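Written out below as structure tokens is the structure these notes cover.
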């Protein structure tokens, strides 16, 4: 093995055309790794800090405060000198050294985007030097499980300019026997959904994550279209069984929460403005208490084949999450995203309070590969499922695909069947499945922690 010889960062663009950080790492024995950092739109308030240029000497640059040149400078002038000479395979020591150099709880000094870019690039450089695929370098010989994909085929919330308040409506091909088959099933549903939308006069424009973004009059309407698309594709809308396709939702309820109530603000605006088709919806319920929203979610679960609900309540509504998990946690995934932000301190609290039974894993929420792995391992030890996830602002970087296989998480959420920034991850997983061949497995019981 060899030492880190050079680290260089630059400003590049993500899938929304916003600046993000790219980092390259070079080793003494010609190992090379490059990584790009994703960015979220609906973010948890306790996430590690993504450093932008607003308020810095770079604010007047061409991105008007949204740039990341301060983070880039922090890599090139502060992090790089501190890490030159480190053994490239000492990932944990590298990550801990950056954490110490930053010295803050949420990485606000150097920026989580600066630290994460280096962390991921170091791992890639080590894998490159060893001539190993990244998943095998990270997970060793036991990295073998391909993940069941959650495909976000209808976008709403902060990810689309439409009337849907819940952020993501996803399909999960639970009846597939391989990753390739799962992707094929999802592809059929996606394209048949497009046909249905066109047939009923809806546009097929897409949101940030590649899903369609129609102006539906309710969440039920979105779910009805999904069920019909599944049937039209020749599959069964169900939570289990052969050729079954289930539904998952990300409510992103923190975005709906204010003064102790949940408001469907986008739908409310469409009704108040009397947008075409919304003129006669004045009696629609738009404001919910915690208990009422739990009742509403329970109603949806009883009516549709929903197997996973992410951020069903706001990040500060811990008591509500406890109630939701007690009510529905025996039959579906109650996924914490904003609630726990890939943070082991918050995850430990959620485990103690039984506030969820599944965690969403986003590498940029915590800001290093080491801390990401710690969160996955803590969840698995607590009999929770872990869902490796993209962000709405993505790049062609495919690291999360390798992470999902390396840690045998069994689930991945990385967008729809459009936009290259999403498809790149699926293509990477297809290549991994082919490379592993007979050594690969595909989860037969992905929801292993649910009581049968």
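The chain as shown is numbered from 1 upward.
The backbone N, Cα and C atoms fix where each Cβ goes, glycine too.
These come from Swiss-Prot:
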BINDING   167, 362, 391, 392, 413  (2R)-2-phosphoglycerate binding site
ACT_SITE  209  active site, proton donor
BINDING   250, 310, 337  Mg(2+) binding site
ACT_SITE  362  active site, proton acceptor
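Where Swiss-Prot records a feature, it is marked here on the structure.
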{"residue": "167", "record": "(2R)-2-phosphoglycerate binding site", "Cβ within 10 Å": "29"}
{"residue": "209", "record": "active site, proton donor", "Cβ within 10 Å": "32"}
{"residue": "250", "record": "Mg(2+) binding site", "Cβ within 10 Å": "28"}
{"residue": "310", "record": "Mg(2+) binding site", "Cβ within 10 Å": "29"}
{"residue": "337", "record": "Mg(2+) binding site", "Cβ within 10 Å": "29"}
{"residue": "362", "record": "(2R)-2-phosphoglycerate binding site", "Cβ within 10 Å": "24"}
{"residue": "391", "record": "(2R)-2-phosphoglycerate binding site", "Cβ within 10 Å": "27"}
{"residue": "392", "record": "(2R)-2-phosphoglycerate binding site", "Cβ within 10 Å": "26"}
{"residue": "413", "record": "(2R)-2-phosphoglycerate binding site", "Cβ within 10 Å": "29"}
Within 10 angstroms of residue 362 ((2R)-2-phosphoglycerate binding site), Cα basis - recorded positions out of 209, 250, 310, 337:
337
What does DSSP say about residue 392 ((2R)-2-phosphoglycerate binding site): helix, strand or coil?
coil
Distance, the residue listed as 'active site, proton donor' to residue 337 (Mg(2+) binding site) (CA atoms, angstrom):
17
Which of the recorded positions 209, 250, 310 has its Cα nearest to the Cα of residue 167 ((2R)-2-phosphoglycerate binding site)?
250
Nearest of the recorded positions to residue 392 ((2R)-2-phosphoglycerate binding site) by CA-CA distance, picking from 209, 250, 310?
209
(2R)-2-phosphoglycerate site residues 167, 362, 391, 392, 413: biggest Cα-Cα distance, Å?
17
Given the Mg(2+) site residues 250, 310, 337, which other residues of that chain have a Cβ within 8 Å of the mean position of their Cβ atoms, reported in sequence order?
167, 168, 249, 251, 252, 309, 311, 335, 338, 360
C-alpha of residue 250 (Mg(2+) binding site) to C-alpha of residue 413 ((2R)-2-phosphoglycerate binding site): distance in Å?
11
From the recorded positions 209, 391, 413, pick the residue whose C-alpha lies nearest to the C-alpha of residue 310 (Mg(2+) binding site).
413
Provide the three-state secondary structure of residue 167 ((2R)-2-phosphoglycerate binding site) computed with DSSP.
coil
